[in-house]
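Worksheet: the structure to be examined is printed underneath.
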Amino acid sequence: MASKEMFEDTVEERVINEEYKIWKKNTPFLYDLVMTHALQWPSLTVQWLPEVTKPEGKDYALHWLVLGTHTSDEQNHLVVARVHIPNDDAQFDASHCDSDKGEFGGFGSVTGKIECEIKINHEGEVNRARYMPQNPHIIATKTPSSGVLVFDYTKHPAKPDPSGECNPDLRLRGHQKEGYGLSWNSNLSGHLLSASDDHTVCLWDINAGPKEGKIVDAKAVFTGHSAVVEDVAWHLLHESLFGSVADDQKLMMWDTRSNTTSKPSHLVDAHTAEVNCLSFNPYSEFILATGSADKTVALWDLRNLKLKLHTFESHKDEIFQVVHWSPHNETILASSGTDRRLNVWDLSKIGEEQSAEDAEDGPPELLFIHGGHTAKISDFSWNPNEPWVICSVSEDNIMQIWQMAENIYNDEESDVTTSELEGQGS
């Protein structure tokens with residue numbers, strides 16, 4: 001039995017390597033930017049910080065990323081990294097593919113540098129790290145225990161204490177087990193939601209300050225789910241609304257103004273398997289998406305949750321942890337799966353006619369498949385300052401910063417802007 005499994009693993013490895021070679025050969029035609037970087041340890045989390053600096057006289061801009069480590073029994077860290085991203089007018093020749101490094105392109109003087117700027121000791125791996133929108137120096141993290149930690153990275157030295165002592169600015173108490181979901185309220189400063197394997201969602205207000213030492217107790221604990229709560233997200237336009245999804249296959253909508261924390265305001269059987277992630281559309285107050293172990297992404301309208309608006313199908317394995325709307329385009333959504341693929345979808349193309357040949361590659365709304373990872377993608381983030389730039393991290397230590405070729409998202413035949421495309425609908 002073991003030898004059969006070993007044989008299957010070897011075959012799969014060979015297929016993955018073959019696919020990667022093909023992907024690499026095609027990168028000059030598919031991308032305007034690809035940067036591949038091997039991290040010292042895998043990161044389970046990634047998020048662009050909103051800050052960007054354009055040094056005078058340079059052909060690049062400086063961007064920052066929040067990362068974490070997942071080590072093999074060594075000290076873990078919360079990491080802030082600095083990234084050089086070439087300007088649009090930087091000399092970039094996509095035909096210079098460096099096959100050994102898996103990188104390509106010459107950016108004039110820029111080689112797409114990625115440097116670790118701040119490392120802060122962390123208790124166990126960083127399951128997820130998210131910055132507070134009102135003050136991006138404040139970062140909340142999920143640990144492998146029940147704790148949620150809050151760090152102000154400006155108050156910590158750039159190099160971690162060699163003793164390994166983890167010294168967060170706040171410890172948030174309320175969960176019994178670990179989890180992944182984490183969401184700051186973009187309308188109410190300091191209000192943080194967290195999802196947990198203990199079947200609950202906790203809400204903290206960090207403005208309330210610690211009761212004892214650095215500990216802040218949960219302001220409310222929401223107990224509607226009957227299984228592991230995988231993800232939680234605040235509505236982006238309503239300060240009291242949030243959604244949660246869980247292994248009980250349900251999507252629940254909650255209102256913090258309600259008198260009850262045990263019953264959601266809306267409940268829907270969202271998928272035929274565990275629901276792993278959700279994301280509210282930043283432009284439309286009614287639209288949200290959920291991703292599931294049933295390999296699909298579902299589109300919902302809050303005005304009628306009985307009816308699923310659309311199902312996106314193309315992933316070959318479960319939508320693991322992440323589905324994110326583009327911060328720049330109302331109709332653009334991305335999802336990543338255990339299938340090592342990151343799919344970018346365009347809602348405005350739903351229902352478009354396509355040839356039989358095109359249909360074999362996927363439905364018309366499947367705009368792009370990023371195939372650069374050879375292991376499961378743990379997290380990804382849209383760059384808030386550079387449209388169409390995504391950073392994705394996978395379980396094999398690889399971090400990729402990439403931007404699909406402009407002719408893929410801009411109609412080649414005409415100079416149609418994205419806003420015009422959005423306006424066309426489906």
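Yeah, the Cβs are placed from backbone N, Cα and C, and that goes for glycine too.
What Swiss-Prot records for Lys4, Lys101, Lys155, Lys159 is SUMO2 cross-link. What Swiss-Prot lists as N-acetylalanine is Ala2, and the listing cites similarity to another entry. According to Swiss-Prot, the feature phosphoserine maps to Ser3, Ser95, Ser355. If you look up Swiss-Prot, you'll see Lys4, Lys119, Lys159 marked as N6-acetyllysine. The phosphothreonine annotation in Swiss-Prot covers Thr10, and the record cites similarity to another entry as its basis. Annotation comment: Swiss-Prot describes 128-173 as repeat 'WD 2'. Summarising the annotation, Swiss-Prot assigns repeat 'WD 5' to 275-312. Residues annotated as repeat 'WD 6' in Swiss-Prot: 318-370.
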(message) Which sequence-distant residues neighbour the repeat 'WD 5' (275-312)? Criterion: at least 6 residues beyond either end, Cβ under 8 Å.
(response) 230-238, 243-247, 249-251, 253, 266, 268, 318-325, 327, 330, 333, 335, 337, 343, 345, 347, 350, 363, 365-366
(message) Using the alpha carbons only, what distance in Å do you get between Thr10 (phosphothreonine) and Lys155 (SUMO2 cross-link) once rounded?
(response) 48
(request) With Lys4 (SUMO2 cross-link) as the reference Cα, tell me which of the recorded positions Lys119, Lys155, Lys159, Ser355 is the closest one. (result) Ser355
(request) Quick one: among the modified residues Ser3, Thr10, Ser355, which has the most Cβ atoms sitting within 10 Å of its own Cβ? (result) Thr10
(request) Just name the winner among Lys4, Lys119, Lys155, Lys159 (the recorded positions) by count of other CB atoms within 10 A of its CB. (result) Lys119
(request) Sort the residues of the repeat 'WD 2' (128-173) into helix, strand and coil with DSSP and give the three counts. (result) 3 helix, 22 strand, 21 coil
(request) Express the distance between the Cα positions of Ser355 (phosphoserine) and Lys119 (N6-acetyllysine) as a whole number of Å. (result) 51
(message) Using only C-alpha positions, which one of Ser3, Lys155, Lys159 is spatially nearest Lys119 (N6-acetyllysine)? These are the recorded positions in the record.
(response) Lys159
(request) Rounded to the nearest Å, what's the C-alpha distance separating Lys159 (SUMO2 cross-link) and Ser3 (phosphoserine)? Just drop the number here, would you? (result) 46
(request) With DSSP as the yardstick, break the repeat 'WD 6' (318-370) down into helix, strand and coil residue counts. (result) 9 helix, 23 strand, 21 coil
(request) List the Cα distance (Å, whole number) between Ser3 (phosphoserine) and Lys155 (SUMO2 cross-link). (result) 53
(request) Report the DSSP secondary-structure composition of the repeat 'WD 5' (275-312) as helix, strand and coil residue counts. (result) 0 helix, 21 strand, 17 coil
(message) According to DSSP, does Thr10 (phosphothreonine) sit in a helix, a strand, or coil?
(response) helix
